[in-house]
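Quick notes on the structure that follows.
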Amino acid sequence: MNTVKPRRYITGFDGLRTIGVLGVILYHLNPDVFLGGYLGVPIFLVLSGYLITDQILRSLQKRRTFDFQSYYSKRFKRLYPGLLLMLFSSSAYMAFFQKNLLANLRSIFITNVLNVFNFWQIAHGQSYFERFAGNQSPFTHMWTLSIQGQFYFIWPLILVFLLRLISEKRVVALTFIATVISAVLMALLYNPKVDPSRVYYGTDTRIFSIFLGCLLAFIWPTNHLRKNILKKDKILLDLLGAISLLVMLIFIFTMEATQPFMYRGGMLIFSIFTTILVAVVAHPASIWNRLLTNKLFKEIGKLSYGIYLYQFPVMIFFEAKVMNIADHRFLYPILEICLIIAISWLSYHFFEQPLAQYNWWSWFKKLFQSRRIVAKLELLSFSFIVLAGSYGLVQSQNVNAKDVNHSQLAIKIKNNHLKNKKNNQRILQKMHGESHKTTKAQRLQIKKWQQAAKEHPVNLDYQKMGLSQFDLQRAQDLSALAIGDSVMVDGSDGLRQIFPNMLINADVSRGIDVAIDLLKNYKAQNVLPQVVIIGMGTNGMVNEQKVHEIMQIAGPKRQVFWINVHVPTRSWEKPVNSVIAQQTQHYNNLQEIDWYTYAKNHSDWFFDDQVHTNDKGSKYYSYFIAKQILKKVKY
């Protein structure tokens, strides 16, 4: 008879889970510091692939069969109590306090229960990177759990079937091929010019992290790892662990989610080093299992599923009610983390654990029959959450998704984007072959503006706001390029009106790396004007290196104007503005447009997010930018 020892609990994996879940939370709270915190997700994916595959292989080795009923029962009890509680409680909160988020709730609820939510997000064009949609979903992060759920429920069937059909070596080969295909798909489908959410959410483009864990289970099974090994092997193990952890931490602190490198091999590299660290921690002879084992990591690792579940709902609900996040960069994130951990602890001890360990019917029966106050409160809380959450699901029928997705802000951004695109085509056709004006021609141009100011005044509405008619005439002929994010798209109507020859390339969810690529492309096409306006920083941190790259592309002879940011709901507002202000001291041709100071006391200029301007605010946005440019621009 083939005997296999029961699998030991690898305590160091709680340390890895802690790194993973804290990385994700800190990324969502402060992406300007934890640039690559989103890479906590591949840590969970690799661990899932390793542990589940190892469990299946051990069972087949011990019993020559796999108990599907027991496996699925345990998975169901482990995953669904927490998931359903989060869905119902979030639905309940939205029903009473944020009805605008109820749109599509039934579809979101059902697809999460069926573990296909990431497919729904892709089909409905949901962005992971748009931070300022007025209806940002508290369930955006659930794509990960859908991919894991698909793996948990489908992989055992595939693996057991394949192992009965072909040899283990061929299964390993097929898994390796699938890993390569997935990583290649991520690289091929990634397009730096569009929102990368399709690639970010896709099972096909993210499964390689899980398959790396699966491959490790074949070549590094837990029951074959011996504590007593040669000293040189132990040193090698510990060294590999140190190198892997160091590389992972470098990625977590430096690699932004919008960097093309991350989709063209970066995430694969990170997943490979994660797999190496998992292998090292799993080995009983390595010091890394002990280093990643302590009471704090044990508790956080135990709560990691709940922490991941509740992080986004807490952040979305908290930040919707507390608007001055930027004024308390440390206090509010600490409060949010405390809330997330507290809710996760309550969920784990009062719902997840009881429902995972016992017969469900028996648990409910005990709740109803028990006379303990705690049990009664537990029953009362559970009943209220389910009823209130169900009420939210019913109420969601009255919230039209089209109305939410076509809010005043969304319509404005969409229309402006189309107008900018059309206007840019006209300007680019005109720019090709255009030569620079001579000094004599410039003098004639000035006379033309002076005469036009008297005879053919334009934009009288902006003249009333304070722009001179002469400046407004100058603006008609100014050739410039403006690159920005959704704030610029939102306010571009007025910019087009004042500067009809300004190229405006702005889009939602845009990060600074996209702006750098666009500048390179315009310069390569020889259509980069002498005046460049940058409106970046709304969606994340801008550092000195990125400003340097932009100034290098622009060169010393072009004038660059950088609009600083008004983002009171995000922690990076002040750091971004500080970097922009500091860099103007290093470059003579870089000017700051201080939109923040001009707008900070005018909440009536903004939509509810206090970031994007309404019609009134857009007028002031365009006026102020035009005034600053026309005051300093050189002809």
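Note that Cβ sites are derived from N, Cα and C of the backbone, with glycine treated the same way.
Per TrEMBL, domain 'Acyltransferase 3' is recorded for 11-348. Here TrEMBL flags 12-29, 35-57, 78-97, 147-166, 171-190, 205-223, 235-255, 267-288, 300-318, 330-352, 373-394 as transmembrane segment.
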Under a criterion of three or more Cβ pairs within a distance under 8 Å and sequence separation of at least 6, are the transmembrane segment (205-223) and the transmembrane segment (267-288) in contact? yes
With Cβ distances under 8 Å as the criterion, find the stretch in 12-29, 35-57, 171-190, 300-318 that has the most pairs with the transmembrane segment (235-255). 35-57
Cβ-Cβ under 8 Å with the transmembrane segment (35-57): same-chain residues at least 6 beyond its ends: 7, 13, 16-17, 19-28, 66, 71, 144, 147-148, 151-152, 155-156, 159-160, 206, 209-218, 221-222, 248, 251-257, 267, 270-271, 274-275, 278, 282, 308, 541
